[in-house]
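Marked as repeat 'Solcar' by TrEMBL: 7-95, 105-189, 196-289.
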Amino acid sequence: MPARGREAVNQPALPWAAAVSVPWARGAWGRRGVTRMQSLRPEPAARYRNVLEALWRIARTEGVWRPMRGMNITATGAGPAHALYFACYEKLKKTLSDVIHAGGNSHVANGAAGCVATLLHDAAMNPAEVVKQRMQMYNSPYQRVTDCVRAVWRNEGAGAFYRSYTTQLTMNIPFQAIHFMTYEFLQEQLNPHRQYNPGSHVVSGACAGAVAAAATTPLDVCKTLLNTQESLALSSNISGHITGMANAFRTVYQVGGVTAYFRGVQARVIYQMPSTAIAWSVYEFFKYILTKRQEERRAGK
């Protein structure tokens with residue numbers, strides 16, 4: 001596999017504590033119209049042809065701030081989730097790369113590190129996702145995060161906050177494997193010496209997010225169904241509650257056929273491109289600044 005280049009080989013790994021500074025920039029970005037466009041049997045007033053129409057109609061009929069509902073819980077959960085995510089990824093990427101391909105870049109190490117980091121990230125983020133998506137559904141009865149949390153806890157129990165966790169992992173593990181491997185591959189093409197290059201980080205991040213998002217849309221549709229327990233879709237499910245990935249996959253097919261697995265793919269790709277571009281550019285910026293300071297301290301000793 002191609003080497004990282006002299007600069008990258010000599011560059012120390014980002015300390016674990018440094019990763020805590022990174023996540024907030026990306027975490028506050030909600031999915032906006034993605035959740036509604038993935039609805040299997042939407043209300044007539046909540047049927048949208050594309051992302052722009054969805055955002056325009058939501059803002060016009062429900063208020064300008066309606067698309068932002070759930071952003072506060074997303075930002076709260078994103079802090080610890082992304083801190084764990086980037087810190088774990090950086091540490092494992094370096095450790096595994098040294099074992100698999102000493103002094104070089106290993107796509108296997110990148111993918112494996114991304115998968116392990118996802119386990120920690122999703123454990124912290126899944127409850128916030130459940131609350132956010134329920135608040136974003138059409139005619140959601142919840143006005144505040146606390147109302148939603150109390151209602152879910154009282155009516156469905158604590159397990160409801162992790163009902164989609166296995167599906168989330170089933171979706172996010174391949175998503176992150178594709179995401180990280182695509183990003184690292186594009187960096188080798190656009191930034192072979194692996195220096196700090198904001199343009200290459202933005203382009204690589206956006207493209208990696210788009211590829212991973214499109215490939216894992218069917219799993220995201222199932223996750224949305226598990227999180228929201230969409231009332232109109234439940235009529236096709238005998239058990240009354242949709243639990244587990246297999247059950248969700250069957251329900252999606254029963255309700256909408258094969259095409260239902262790709263509902264909202266356009267919105268998902270459009271959401272992920274700026275999201276991952278921002279995440280990687282901010283991450284690489286802090287990594288550059290903190291590593292530079294670390295090297296200056298060592299040189300001053």
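The first residue you see is number 1, and the count goes up from there.
Including glycine, each Cβ sits where the backbone N, Cα and C put it.
Summarised as a single figure, the pLDDT of the repeat 'Solcar' (7-95) averages 62. Helix first, then strand, then coil: DSSP counts for the repeat 'Solcar' (196-289) stand at 76 helix, 0 strand, 18 coil. Across the repeat 'Solcar' (105-189), the DSSP tally of helix, strand and coil residues reads 72 helix, 0 strand, 13 coil.
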